[in-house]
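Accompanying notes for the structure given below.
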Ligand SMILES: CSC[C@H]1O[C@@H](n2cnc3c(O)ncnc32)[C@H](O)[C@@H]1O
Ligand SMILES: [Zn+2]
């Protein structure tokens, strides 16, 4: 099957700045095979054609940190401190969740993500067979981990599930699923547990995904326990010898940043600006991370804390937060923050060979953003429009691995309405009495 996208303003995300070029894009099977100019015979032979006049064609957005199934808990508990929110509300609710709740919660999130232009998400959760099943059924690309917490009984089962995630799902969905090892965080994983997680990552030659320094409370706790900052603690157990996704990384000192710089960190930071704002965690020093040569991508965190999975909201928040933190409106400009949401996110997730830019040979994860809207006129500077004025509802078409999952804002694979009805009843049962 071949799909021709004609007359688009193409943003390849390959250069230093985001500059659209008018042209066509050819997708054959799962791959992009031509960008800009498509040979006339290929155009004539195309099985499907989308006229993208007035639209931007750009790489699908990459969400580097999520707990997607938590959409089933959205709005149930708000305005609490992180540890209170987790221990008194989320963890009791999660203890009641069934495998089917996790499947449907994840599916609900894939609807939201596809409709707002996200094509890849990295996830850490429980019942990961169900998360994987939702990824396969939705058509999305997923980078999955079983969250590993040492705290109570069940720690062995968690490792067994983490291992089985590799054995059963790695490469499933025509290569759309990849797997990482997910120790939850410094405050929930003692050194011996982290070392086991690292050994598992080594065994499968896979990256790790972990929360880091999300709150000042975490920094205090780890200092009391080990006499180290959370970053120094992870360094001490050997985590930075591996490709690692560091979610949040809000409270890193200059010395911590130097640790990551010297480690020549593979992977990078998954910055979750909206979650950090809403949970009152603080503002991560993203400008300093970039100056230190670290790779930074964007994430939402789970829809329990972030409230939205629309990465266009994260793009705006990321830029605003660095500008206000540094008192400098030139900090984190439109091109940089769009790169974070695409190409840089792909690097953080070790997927840069497959996605993140529009280039021949890459997987066809492409979105079309319709610029024909009052809030997207006039067209002086398209990168500024995309970064600062667009939102998820401006996404007209979403293509993942060559498959059209949304066209003209209509989903092609999932029954959105049936899902919404089913979720409502399930969500009530889970949170009743908590
Ligand atoms: C064991 S699977 C992952 C685990 O993480 C919890 N979680 C959700 N949001 C956050 C956050 O912002 N920081 C730390 N942990 C978080 C989620 O409830 C799952 O239990
Ligand atoms: Zn998280």
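Heads up, the Cβ atoms here are built off N, Cα and C, so glycines get one too.
Long-range Cβ neighbours of residue 67 (Zn(2+) binding site) (same chain, at least 6 residues apart, Cβ-Cβ under 8 Å): 123, 124, 125, 147, 301, 302, 303, 304. If you look up TrEMBL, you'll see 65, 67, 211, 301 marked as Zn(2+) binding site.
The feature substrate binding site is assigned by TrEMBL to 94, 146, 184, 214, 301. Every protein chain shown contributes to the tally, and the Cβ of residue 301 (Zn(2+) binding site) ends up with 29 other Cβ atoms within 10 Å.
When pLDDT values are averaged over the domain 'Amidohydrolase-related' (56-404), the model yields 97. Among the features that TrEMBL reports, domain 'Amidohydrolase-related' is placed at 56-404.
Local packing around the binding-site residues 146, 184 was summarised as the count of other Cβ atoms within 10 Å of each Cβ; on this measure the leading residue is 146. Same-chain residues at least 6 positions away in sequence with a Cβ under 8 Å from that of residue 214 (substrate binding site) are, in sequence order, 82, 185, 247, 248, 250, 251, 276, 279, 281. If you draw a 10 Å sphere around the CB of residue 211 (Zn(2+) binding site), it holds 28 other CB atoms from the protein chains shown.
Proximity of the binding-site residues 65, 67, 146, 211 to ligand 1, judged by a Cβ distance under 6 angstroms to any of its atoms, singles out 67, 211 in sequence order.
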